[in-house]
Every structure is written in structure tokens, then in C-alpha cells.
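A.B. asks: Below is the structure I would like to discuss, written out as C-alpha cells.
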Amino acid sequence: MEIGQYQPNLDGDGLRIGIVQSRFNEPVCNGLADACIEELERLGVTGEDVLLVTVPGALEIPLALQKLAESGQFDALIALGAVIRGETYHFELVSNESGSGISRIALDFGIPVANAVLTTENDEQAVARMTEKGRDAARTAVEMANLAVALEQLDGDEDDEGEGEDDEEERA
């Protein structure tokens, strides 16, 4: 049996990307952002098509993502942050709630959101992961933005089946 398969598309030309970056654990978050923006540029996304917004911490990321999603100006969003375990339960709370909120934005608004909020046991782990995770977030955002467009076109193709010429004139 032969099946259709979508090939990943990492061409960022013309894509508009919104980035929300936490300022808490700032050196790590800046490293994430630098790697992410560098990779977006390598993939063909221009600086004028990227908006970087900073927020105090990981718990504030979902609201900023929501506002960007509501604007309708972006093809994909990226969340950047670092939650590093301390000696209290706060780590679990921040990790779980920020992750849940980020996922909810993607589903509620139908927009790809690449989640690069690191959750690590210590500073060393965060520093070791920040560059590759920043790059990965850029690739994920571009790939998913292109996939979303391709899948939306599938939906449009199904709507066209069986329509007459009158329907085509209405869309023109």
C-alpha cells in the first residue's frame, strides 16, 4: 500500500514568528534567545518578521503568548524560559503550570507554539541545554507553521469537492 506523506518544511521565508522570553534565570534565557534567533535567520526568517517580548518569569509566558495569538499577526510562537529546581515545591508548580498554559494557547488558538522552557535540576544542566534547545525551538516553530498551512489547505481541498462553478465565483 502506498500512503501520502508530508515532508518537513524548514523554509522560514515569509513566516512571522513571535517569541516570548522569560527574564528569570536571565543568562540562560538570553542564551536560548540568541540561539533561537540565529537559527530562525538561518532558516530564512527575517528580523523584521520576528517580535521578541520579555516577561518576568515562566508563569507569565502563557498570557503574553495569548495576546500575540489573539493579534493574528504570527504564523508560529516560541516560548523561552528556564525553570531550575530549588529546594521547594515551587519548581513543580512553575514547570507544570507554565507548560500547561503554553500548550493550551496552541490548542485554543490553532497556532503552533514551540515550547523551549527548560526544566532542569541545576544551572549546569540549563547552560548545557540552552543553545541546542533554542535552535530546536526555531526549527520546531518553522516546521509546524508550514505544516499548519499544509493541513489547512487539505481542509480547503475537501471543501472544494462537489462544488459547482457558482461556488467558485463566490470565493473569487
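From the backbone N, Cα and C atoms, a Cβ is placed for every residue, glycine too.
Not my notes, these are from Swiss-Prot:
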BINDING   Phe24, Ala58, Leu59, Glu60, Ala82, Val83, Ile84, Asn115  5-amino-6-(D-ribitylamino)uracil binding site
BINDING   Glu87, Thr88, Arg129  (2S)-2-hydroxy-3-oxobutyl phosphate binding site
ACT_SITE  His90  active site, proton donor
REGION    150-172  region 'Disordered'
COMPBIAS  154-172  compositional bias 'Acidic residues'
A.B. asks: Among the binding-site residues Thr88, Asn115, point out the residue whose Cβ has the most other Cβ atoms within 10 Å, with all shown protein chains included in the count.
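C.D. replies: Per the Cβ count within 10 Å, the most buried is Asn115.
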A.B. asks: Looking at Cβ-Cβ distances, which residues of the chain lie under 8 angstroms from Glu60 (5-amino-6-(D-ribitylamino)uracil binding site) while being 6 or more apart from it?
C.D. replies: Ser22
A.B. asks: Of these recorded positions, His90, Arg129, which scores lowest on Cβ atoms within 10 Å?
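C.D. replies: Relative to the other recorded positions in His90, Arg129, His90 has the fewest Cβ atoms within 10 Å.
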A.B. asks: Need one number for the 5-amino-6-(D-ribitylamino)uracil-binding residues Phe24, Ala58, Leu59, Glu60, Ala82, Val83, Ile84, Asn115: the maximum pairwise CA distance in Å, whole number please.
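C.D. replies: Result: 16 Å between the two most distant Cα atoms.
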A.B. asks: Would you work out the biggest C-alpha to C-alpha distance among Glu87, Thr88, Arg129, the residues that bind (2S)-2-hydroxy-3-oxobutyl phosphate according to the record, and give it in angstrom as a whole number?
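C.D. replies: Value for the max Cα separation, rounded to a whole number: 23 Å.
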A.B. asks: Hey, how far is Asn115 (5-amino-6-(D-ribitylamino)uracil binding site) from His90 (active site, proton donor), Cα to Cα, in Å?
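C.D. replies: So the alpha carbons of Asn115 (5-amino-6-(D-ribitylamino)uracil binding site) and His90 (active site, proton donor) sit roughly 20 Å from each other.
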A.B. asks: Taking the Cα atoms as reference points, how far is Arg129 ((2S)-2-hydroxy-3-oxobutyl phosphate binding site) from Ala82 (5-amino-6-(D-ribitylamino)uracil binding site) in Å?
C.D. replies: 10
A.B. asks: Which has the fewest other CB atoms in a 10 Å radius around its CB: Ala58, Leu59, Val83, the listed binding-site residues?
C.D. replies: Leu59
